[in-house]
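Taking it in order: structure first as structure tokens, then the write-up.
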Amino acid sequence: MLILNQTDFTPASFILNGVPGLEDMHIWISFPFCSMYVVAMLGNCGLLYLIHYEDSLHRPMYYFLAMLSLTDLVMCSSTIPKVLIIFWFHVKEIGFDECLVQMFFVHTFTGMESGVLMLMALDRYVAICYPLHYSTILTNPVIAKVGLATFLRGVIFVIPFTFLTKRLPYCKGNIILHTYCDHMSVAKLSCGNVKINAIYGLMVALLIGGFDILCITISYTMILRAVVSLSSADARQKAFSTCTAHICAIVFSYSPAFFSFFSHRFGGHTIPPSCHIIVANIYLLLPPTMNPVVYGVKTKQIRDCVLQILSGFKDTKSHSI
């Protein structure tokens, strides 16, 4: 039942519908979602533990990786627990203010994810193109400042979302056809003018995503030129291998984002809403799930630290026996 404040038409709560058209499949959809979330939590917490306690990982590249892991943890934890509650227990209600808070975290940390990937591309550019100055350019204070700037950028751009959404009158019902509070999914329930919301949302996506993609593209263009100019094949292979994990992280992050962005605008009615919503959830789940796996497999220092910890655990266990 829709409960409205008579003065400003603000609902007391919304109903998150889940995946429309697939309500009978919610319990089955929940299994891969839950599995990916568990892997994401364990993998990213494990990476943070390694980076914090292993002195050999106290380097700029791994500090940026720690930022990425923290971002991934917050990004998926802001939505997936509620999604699983909807799927398992059919508890679909979410308070209006709680919905705005969830919206803030989702959009802030998806922007943060893009920003950290951009910083990691710049890190690889400095490491490959200016190896002798790497430690003097990317000092700890510089890393802290650019990390804070990336976070503040997301906050500053996303805060208007909450005010633009809060000011709207809601008289088209309170059922959100989504698994979480996305900006435009909520705004569509308004009977007011949402053109400003739509324009601002597109502008933020282009400013943040467009700027980050441009920086990543320029960085890898310069990296490619530097690597191709190397005379040794082994040196070229080693330089490329240092970028492999980051390139995989970019693919996992931007592929569902691009699909969602273009399908919404050019897919028309050919792509069902359930597909849009599942992809939107994958966008929040796939990078946190795959990033620690990719970096664990592709990064020799992380593999060595994991093997060292496992061997130490085995030795302790054998001595206790």
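The backbone N, Cα and C atoms fix where each Cβ goes, and this holds for glycine too.
Predicted, not measured: the structure shown is a model, and the values here were computed from it.
What TrEMBL annotates here:
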DOMAIN    43-295  domain 'G-protein coupled receptors family 1 profile'
TRANSMEM  27-50  transmembrane segment
TRANSMEM  62-89  transmembrane segment
TRANSMEM  101-122  transmembrane segment
TRANSMEM  142-164  transmembrane segment
TRANSMEM  198-227  transmembrane segment
TRANSMEM  239-262  transmembrane segment
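Remote same-chain partners of the transmembrane segment (198-227), defined as residues 6 or more beyond its termini with a Cβ less than 8 Å from a stretch Cβ, comprise 107, 111, 114-115, 117-118, 121-122, 124-125, 128-129, 153-154, 157-158, 160-161, 164, 183-184, 187, 236, 239-240, 243, 247, 250, 254, 257, 261. Tallying C-beta pairs under 8 angstroms between the transmembrane segment (142-164) and each of 27-50, 62-89, 101-122, 239-262 places 101-122 first. Across all of the domain 'G-protein coupled receptors family 1 profile' (43-295), the predicted model scores a mean pLDDT of 91.
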